[in-house]
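Encoded as structure tokens, the structure appears first; notes follow it.
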Amino acid sequence: MWTGVVLFAFYQILHVSSIPPLLSSAVSEIGPAVQKTISNEDARLNFTELAGKYGYPTETHTVVTEDGYILTVFRLGRAGAAGCAGDARPPLLLVHGLIDSSDTFLVAGPGVGLAYLLADAGHDVWCLNHRGNRYSRRHVTLDPDADNQYWNFTRDEHGARDLPAVVDYMIDVTGSATINYIGHSQGTTDFFILNSVRPDYNRKFNLAICLAPVAWLHHITAESLQTSAKLGPEIKLAADVAGLKEFGAHGKLTNIAALGGCELSPNALCDAVLNELTGSHAERIGSNTLATALGHYPAGTSVKNLLGYAQGVNVDSFSQFDYGEAGNLAAYGSCAAPQYDVCRVSAPVALICADGDKLSVRRDVARLLHRLPNVVAFHLIPDQDWGHVDYVWGDRIPTVLMPKIHEYLNNY
């Protein structure tokens, strides 16, 4: 989920990167200690602990990508069940947004969280974690704490390398010929990228439901993000000077400060930030869920990934990472970064967007609607109070979102 990360990145580079090494080490040590004082227990639990607390069985799976990144994928079963296998329908993969993790589908709690609701409906639920986040911060040869090359990735690799590895793994484990797919924000971008560059994967998707779909970003209505995205070159320069490659690592003071502030004033500070950056409102999420969510978010990604999204805001295109003319010639053999051709995405797609979303806006989603060749359903949530994070944290998921999801999954 793209929740003000460009703005936070610029702040972190200019301020946190200037902390002396000794103090930086101290910050790393006190972060987990402070987190233990958080009053909301669910904010401190990891995926398996959180699901287990409410009686949901889990499995932890490890998937290695073709370029050596080690991903953690969780499988979730129905509450009270002995195992995680669902009914006879294709297994269902949930994919999170930017600097997020699989936890985002649990933080709203049983009866509200997407993963819980889908598991209780009998689906075989799997939850991917992108390279670089708290659960997938490993590699067969590279050390994320010592090798800058580990962080040399963007959404391009999430879609073209992480996602196909997990899809193939799920098919191998379950024996199903296809999977169902639900992505949120960047999780939808993964789907569009994969099936654009590797169209043979289209046949492996029974249905893809795209929540707050993100491909084109040029018309976002969050003004602070429009402004901060223009600072992309300055952010890159500052990050290079500071040697900063990772952003939003879980458990650092980013989580603590956000969570502490929202526990103190959920209807003031948090509502203002949420509404400005995403269109969501704190009161439609609830202070308890928001506190839980901010104990898990951000979960980590690369600075380069953030810069790629900033490029998408500044230039009206859905393209691979732009290295500049000389860099593009070296990377792609062309002066311009290659565009993603979504006309090659032939798998059945259902698009769900909302009037109140400041990041996945109707004008940009319309580009997808008109170019994707197999849109089987389109639903607009006509609510100015439904923003970008309501799809995963909002209290109206069971009444507004799930009926459509059930309808689409039952039809396919």
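Think of each number as a place in line: the chain as shown, counted from 1.
Note that Cβ sites are derived from N, Cα and C of the backbone, with glycine treated the same way.
Among the features that TrEMBL reports, active site, nucleophile is placed at Ser185. Over all protein chains present, the Cβ of Ser185 (active site, nucleophile) has 29 other Cβ atoms lying within 10 Å.
Among the features that TrEMBL reports, active site, charge relay system is placed at Asp357 (among others). Of all the Cβ atoms in the protein chains shown, 29 others lie within 10 Å of the Cβ of Asp357 (active site, charge relay system).
Within 10 Å of the C-beta of His388 (active site, charge relay system) there are 30 other C-beta atoms, taking all protein chains into account. Mapped onto three states, the DSSP output places His388 (active site, charge relay system) in coil. Per TrEMBL, the feature active site, charge relay system maps to His388 (among others).
Under DSSP, residues within the domain 'Partial AB-hydrolase lipase' (48-107) fall into helix, strand and coil as 10 helix, 19 strand, 31 coil. Taken from TrEMBL, the feature domain 'Partial AB-hydrolase lipase' covers 48-107.
The feature signal peptide is assigned by TrEMBL to 1-18.
Rounded to a whole number, the distance between the Cα atoms of His388 (active site, charge relay system) and Ser185 (active site, nucleophile) is 8 Å.
On the 0 to 100 pLDDT scale, the model's mean across the domain 'Partial AB-hydrolase lipase' (48-107) is 95. Here the CA atom of Asp357 (active site, charge relay system) lies 5 Å from the CA atom of His388 (active site, charge relay system).
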